[in-house]
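Sharing a structure with you now.
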C-alpha cells in the first residue's frame, strides 16, 4: 500500500511532500486519544530493546536522524511514531532561509536523496521555544550547526550561542561540522579547528555532547577526530552525515549531474558509513558512544551496525522510502535478533561482532 502511495507522492516536489507529510504526522499525534492510538499501533514496547546510553533511558535503539524536524516542531510525534529517540535540527544561532529551491531531490532507482538545504531553520531561539513546550517522551537531541554568514574564526561563539539556548532543554547535543551544504563547514572537522569549537560547546552545557562527522573523511582524519573526542571528554560520535561522492549509483549520470551539488543519503552511503563505524569502534571501544547513521534500511543492516559497535542507530532516508511502519519493522526485527542470538538485551549485542 505504501509503495503505491509513494508513487503518487513522488509526482509532487520533494520539499512540498515533506511539509505535507510532516504536518500530517504532527496532526495525528497532537491530541491525546489519537496519539495513544498511533502509539499502540507503531510502538514496539519490548524490554530487550531498552538501553541506557550516556545516562539516558532509550526505549528502543532506532532514532530519527537530524534534518527532518529542523525546528523541533514535531518533538512530541516521534515517540508515538515508533522511534526510540529523535535528533532535531540542524539548528543555527541565527534564523536563515537556506539555499534556493529546488534543493531536495529523489533518486528512486537508488532509494536515495540528494539535498542541499543549507541549514534552513528559524533559529535556536525558536527551536528552544518548541523544546520548552514538549511533553515527556523519548530522548530528544539537538543538532547545532554554523550560521552561514558567520566567519569560521567566530564559529565557536556561534555554536555556543545555540548551545546556551538548547542545552537546558535537550537531552543531548550534537555538533554538526559535516554537512556539505554550508561553505567551509567541513573544514571545521580538522582537529586544530574542531578542538576550540567543541571545548566551547562543552563548557556551555551540562548535557552529553557528541560530534557528527562526514563519511568523506580520510581514515587518518577519522582517527584524529576519535582521539580528540576522547581527549575532550565528549560523550560520543555520530557517524556519518551525507556524502558528496556519486560513484556506484543506478541513477543515470546525466540525471545526477543535472541535480548538481548536495549531500547524498540512503543506500549509496551505507558501505562507507559502516566502514567508519568499524574504524571508530576499533579506535575507541566502549569509551565513546557511537551512533550509526547512513544507509540503514533493513533489520539486518541495523543489527549489523549494532554488532559493529553502535549503541544507537538512526535513519531519515530509510523512513522516507520505508513509510510509517518502518520504525516498527526495524524494532520488531531487532527484538527477534536479540533473542535469537541469546542476548538479554540489545545492550549486550553492542560491539559483539567487532573484530578484536
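Cβ coordinates come from backbone N, Cα and C, glycine included.
What Swiss-Prot records for this protein is below:
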type	residues	note
BINDING	66, 67, 68, 69, 70, 90, 143, 176, 212, 240, 266, 295, 316, 317	FMN binding site
BINDING	70, 115, 116, 117, 118, 119, 176, 181, 241, 242	substrate binding site
ACT_SITE	179	active site, nucleophile
Any same-chain residues 6+ apart from residue 266 (FMN binding site) with CB under 8 Å of its CB? Would you list them in sequence order, or say none?
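Sequence-distant Cβ neighbours: 107, 110, 111, 112, 113, 295, 297, 317, 318, 321.
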Closest to residue 212 (FMN binding site): which of the recorded positions 118, 176, 179, going by Cα position?
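Closest recorded candidate to residue 212 (FMN binding site) by Cα: 176.
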Taking the Cβ of residue 241 (substrate binding site) as the reference point, list residues of the same chain whose Cβ is under 8 angstroms away and which are at least six residues distant in sequence.
176, 178, 179, 180, 212, 213, 214, 215, 263, 293, 294
Would you identify the secondary structure of residue 143 (FMN binding site) according to DSSP, in three states?
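For residue 143 (FMN binding site) - judged by DSSP and reduced to three states - the answer is strand.
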How many Å separate the Cα atoms of residue 143 (FMN binding site) and residue 118 (substrate binding site)?
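About 14 Å separates the two Cα atoms.
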Hey, how far is residue 118 (substrate binding site) from residue 70 (FMN binding site), Cα to Cα, in Å?
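On Cα coordinates alone, these residues lie 11 Å apart.
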Which are the residues of the chain, 70, 115, 116, 117, 118, 119, 176, 181, 241, 242 excluded, whose CB is within 8 A of where the CB atoms of the substrate site average out, their centroid?
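The answer, listed by sequence position, is 67, 90, 98, 179, 180, 182, 263.
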